[in-house]
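Working notes for the structure below.
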Number of protein chains: 2
Amino acid sequence: MSKKMNNDKLMIFALGGVAEIGKNMYVVQYGNDIVVIDAGLKFPEEDMLGIDIVIPDITYLTENRDKVRGILLTHGHEDHIGGLPYVLKNLNVPVYGTKLTLGLVENKLKEAGLLGETKRVLIHADSEVQLGTTMKATFFKTNHSIPDSVGVCIETPEGNVVHTGDFKFDHTPVNDQFADLHRMGEIGKKGVLALLSDSTNAEKPGFTPSEKNVGIVLNDIFRKADQRVVVATFASNVHRVQQVIEAAYATGRKVTIIGRSMVNVVTIASELGYLNVPDGILIEPEEVNKMAADRVVILCTGSQGEPMSALTRMARSTHRKVDILPGDTVIIAATPVPGNEKYIGRTIDELFRLGADVIYSGSNSGVHVSGHGSQEELKLMLNLMRPKFFIPIHGEYRMLRRHALLGESVGVDSDNIFLVDIGDVVEIEGGEARKAGKVPAGNVLIDGLGVGDVGNIVLRDRKLLSQDGILVVVVTLSKQDGTIVSGPDIISRGFVYVRESEGLLDEANRIVSSTLEKLMNENVNEWASLKTSVKDALGRFLYDQTRRRPMILPIIMEV
Amino acid sequence: MSKKMNNDKLMIFALGGVAEIGKNMYVVQYGNDIVVIDAGLKFPEEDMLGIDIVIPDITYLTENRDKVRGILLTHGHEDHIGGLPYVLKNLNVPVYGTKLTLGLVENKLKEAGLLGETKRVLIHADSEVQLGTTMKATFFKTNHSIPDSVGVCIETPEGNVVHTGDFKFDHTPVNDQFADLHRMGEIGKKGVLALLSDSTNAEKPGFTPSEKNVGIVLNDIFRKADQRVVVATFASNVHRVQQVIEAAYATGRKVTIIGRSMVNVVTIASELGYLNVPDGILIEPEEVNKMAADRVVILCTGSQGEPMSALTRMARSTHRKVDILPGDTVIIAATPVPGNEKYIGRTIDELFRLGADVIYSGSNSGVHVSGHGSQEELKLMLNLMRPKFFIPIHGEYRMLRRHALLGESVGVDSDNIFLVDIGDVVEIEGGEARKAGKVPAGNVLIDGLGVGDVGNIVLRDRKLLSQDGILVVVVTLSKQDGTIVSGPDIISRGFVYVRESEGLLDEANRIVSSTLEKLMNENVNEWASLKTSVKDALGRFLYDQTRRRPMILPIIMEV
């Protein structure tokens, strides 16, 4: 452990990932050394209209760019690496990750044109990474719904800080990717000052089942199905993909892979040796229709009912290469991410209508298991690490809180458990921890190429426009006597269907005219008051007639 | 049974409620007699921007108004009576319902100013209703999450058509409101030609637990809580409300009722004798703060996290009368309606942040049971009725399909099971049933006071506006030489925040000018082509710069 310097403190905080699911980014700072763990993205909330993705506010990091020693990646999921291209544009620091994680990252950086200028450092379970003069990171293998996931132990002069990453304990992992219980035991034995642990399933009692269970169910379904089998799952779940391929092999079926991200992940994972694909088992989508139905498995994206995904297109019979046929078996091997329930439900309905037999997790069919540990596994982690201080991470507030109670239940002193929001700094000095203010933190909204150029005003306007549309009112007044030269012309978008509402709009016209004429007679002619009066009069009338409040945009010109 | 007339047929179809949850409306027609069962509303899908509610298209009924003998109501839930005010405006026919159902309906009609002109007929379990010359309706009591629910048996010259309404089998019902198994047995014994049965829980194995179970759990929580207890549930679940009041009484707590619909339902239900409220147990919200915390129960609306509801306001500390205090116990006695998961999650998080202990169904806490029967109860109904023909209703397509399989499993001939969409007519004649075309059916969207004036074009515009906003481009050209007299002025709403994007908008300005000047030089001066060219040029530029496609509204004037 490096030597303690005068009045240097240990600071731990999250820039994303606490009191939310997504955009994970955690920071550990000692003195002049800053290390970042993960750089994820989040998908927009329903009130972020038109927004594509959300990333963390990294103001603190850019303001301290000279101190940032690197970004450690725990695994290759979007909510942990998806923000990298944006972060690295503003902060060129080394990125540390395991083989598969870096493989997925490099793909992203290529697309963003950042591959050349980004230093990438390959780590494995035994790596040691020196971070500046005061900190060192080591790693331990975990089980998760993507291979090559690790937890991180950061040795600091104050003591060791452990970040679990996303984890479960799978005692029968696919491809024998066992979690390194021994390393965890060692780390715990040496002593853990602070533990940051995954809270996703803190509300779920018991143990999360092994991924192998899904393999058994898949084998069974593949065997019984007398026609084609379609399996939709998360592309990044390489273990799941492996089991689909094995079940296909065992039942004498060929596999075709459909969907950009699925093709992408399978390619990378095979190249890097995380996927064992028997020779000749993969076929092109075009070959599917030439083969006997009971010899085919279609592995595709769309397990969340995403509108543009492969499965959704098939369900709507709009996919260029594959149609769903009566008698096909469709397996949706995933649970809905909150908010997606309706989309998936619709896809399932459409598949049934096409005559397919649909097997989905709602019908507790065993075709999906979570990648996150349940309460008993969270307690196991707590007991392996026996931390002095505990910071539940990676979950909505209710999950963090439940995780905190689990911490207390295994003996962590409740005064030593910190429920934090993004930006809240936990400061540890001389073995004492306390909340010490905030660093800048928040949502950076990405809309197309725009990063952060859409703020509350724009979102409020989009919200208004989405509810009742807009009316543009155009009038030209005469410079001389202020009489109306042309207009008012009213253009409506998203308010009412004009053909059906001529009467309403004619009346609206009259109201605008009379309002303006009245004001002119009173010699009111400042732009502002003319516009405001038109807005008010028209708004009142329309609300009275329709109980709607369209945005009103008066355009008054003078000639 | 009335006499069979020449070539008269029996027709059965749904105008709402099949392949959807909501806006239930079913029609049984024999010859010149039409009877309608229920007239519900549905809440808008996420793509119906700005829409308040959705009701069935009743074109068929208005075109045959002289044949419509009445509307039979099975129970008082919004998805069964919520459409009545709109339907009755266009179709003044008698409405038949049980006491509580009519009580709730009358409240609606009063608000809509239709109470006077609407004939309301009170029915009870033994009522017989003659419908025109050919049909007669009788009723049977069922269990559901609102009292006074009934199923309907319509006797026709072709045979008996049974509509279950929404039901479960609760063998230990609150207030001894037993389902009338004997009547159901009689009806089944006489012979059922066609059964229309509730499919809501067709995917759920086993039996739905009794409402009484919730009462036991509530008692237990009330007893253990050492401070105030807040209970949020559906206002219309009078049995649940009864059990809250009883648990409060048993644990020496007073009850205050908060939330418009809760106050409304409790008032009606008590007046009509469906709620037993011990004297002096109800207190005003203002009195709550004067009482010892462990003597109080707050019964409120907001179990779905609705933004304006009582519980949501309390959770945000914006409620005028009640604050949530640390140590309060909050019970959310409901499951999320699909689509509401996030809202409820947010409310739960906010309540935890205020220091409350929140008990919700996610934590399978036993504070809620469904009002709809699970698979075993659906089979029980099928075996009680032993129908020749079976039409699963009241569910998404996947639920109807699951229900159809349950029908087969108890011996209904699969050729006699009809999976229908709204408008699909099932025609029965001489004991033979077949699908016989469609009647008009669909969604009528209600936005404010407008009924059906918002169509696809308006919704498409709202969608576009919500994604990337709108740019209004105003230019004035000279009549003489077509040069630009004033403008282009660009006004942006919901696109980008202008202050941060001046450069972009200046460039946009130049592009509009040059486009117009170019066209003028080429003597192109038809309005249409000028506008289209501006739209295209500006659209291309903005997409190229921002990857966004705002709506562009060119306004070109001449002076």
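Here the Cβ of each residue, glycine as well, is placed from N, Cα and C on the backbone.
Neighbours of B:Asp198 (active site, proton donor), defined as other CB atoms within 10 A of its CB across all chains, total 30. According to TrEMBL, the active site, proton donor annotation covers B:Asp198.
When Cβ atoms from all protein chains are considered, those within 10 Å of B:His372 (active site, proton acceptor) total 22, not counting its own. Taken from TrEMBL, the feature active site, proton acceptor covers B:His372.
Around the Cβ of B:Gly50 (Ca(2+) binding site), the same chain contributes B:Asp447, B:Val454, B:Arg462, each under 8 angstroms and 6 or more positions distant in sequence. Classification of B:Gly50 (Ca(2+) binding site) by DSSP places it in coil, neither helical nor stranded. Annotated Ca(2+) binding site per TrEMBL: B:Gly50, B:Asp52, B:Asp447, in sequence order.
What TrEMBL lists as Zn(2+) 1 binding site is B:His75, B:His77, B:His80, B:His144, B:Asp166, B:His394. In this structure, B:His394 (Zn(2+) 1 binding site) belongs to neither helix nor strand by DSSP; it is coil.
Look at TrEMBL and you will find B:Ala235, B:Ser236, B:Asn237, B:His368, B:Val369, B:Ser370, B:Gly371, B:His372 tagged as substrate binding site. For the recorded site, B:His372 (active site, proton acceptor), the DSSP three-state label reads coil.
Taken from TrEMBL, the feature domain 'Metallo-beta-lactamase' applies to B:22-220.
Secondary structure from DSSP puts B:Asp447 (Ca(2+) binding site) in a beta strand.
In sequence order, the binding-site residues from B:Gly50, B:His144, B:His368, B:Val369, B:Asp447 that place a Cβ under 8 angstroms from a chain A Cβ are B:Gly50, B:Asp447. Among the binding-site residues B:Ala235, B:Ser236, B:Val369, B:Ser370, the residue whose Cα lies closest in space to that of B:His144 (Zn(2+) 1 binding site) is B:Ser370.
Under a cutoff of 8 A between CB atoms, and with a sequence separation of 6+ in the same chain, the neighbours of B:His368 (substrate binding site) are B:Val214, B:Thr233, B:Ala333, B:Ala334, B:Thr335, B:Ser361. A mean pLDDT of 96 is what the model gives for the domain 'Metallo-beta-lactamase' (B:22-220). Most Cβ neighbours within 10 Å, among the binding-site residues B:Asp52, B:Asp166, B:Asp447: B:Asp447 holds that distinction in the structure as shown. Closest by Cα distance to B:Asp52 (Ca(2+) binding site), from the binding-site residues B:His75, B:His80, B:Ser236, B:Gly371, is B:His80. Taking every protein chain shown into account, B:Ser236, B:Ser370 are the binding-site residues, and of these the Cβ with the most other Cβ atoms within 10 Å belongs to B:Ser236. Same-chain residues with CB within 8 A of the center of the B:His75, B:His77, B:His80, B:His144, B:Asp166, B:His394 CB atoms, the Zn(2+) 1 site residues themselves not counted, are B:Asn24, B:Asp38, B:Thr74, B:Asp79, B:Ile146, B:Ser149, B:Gly165, B:Asp198, B:Gly371.
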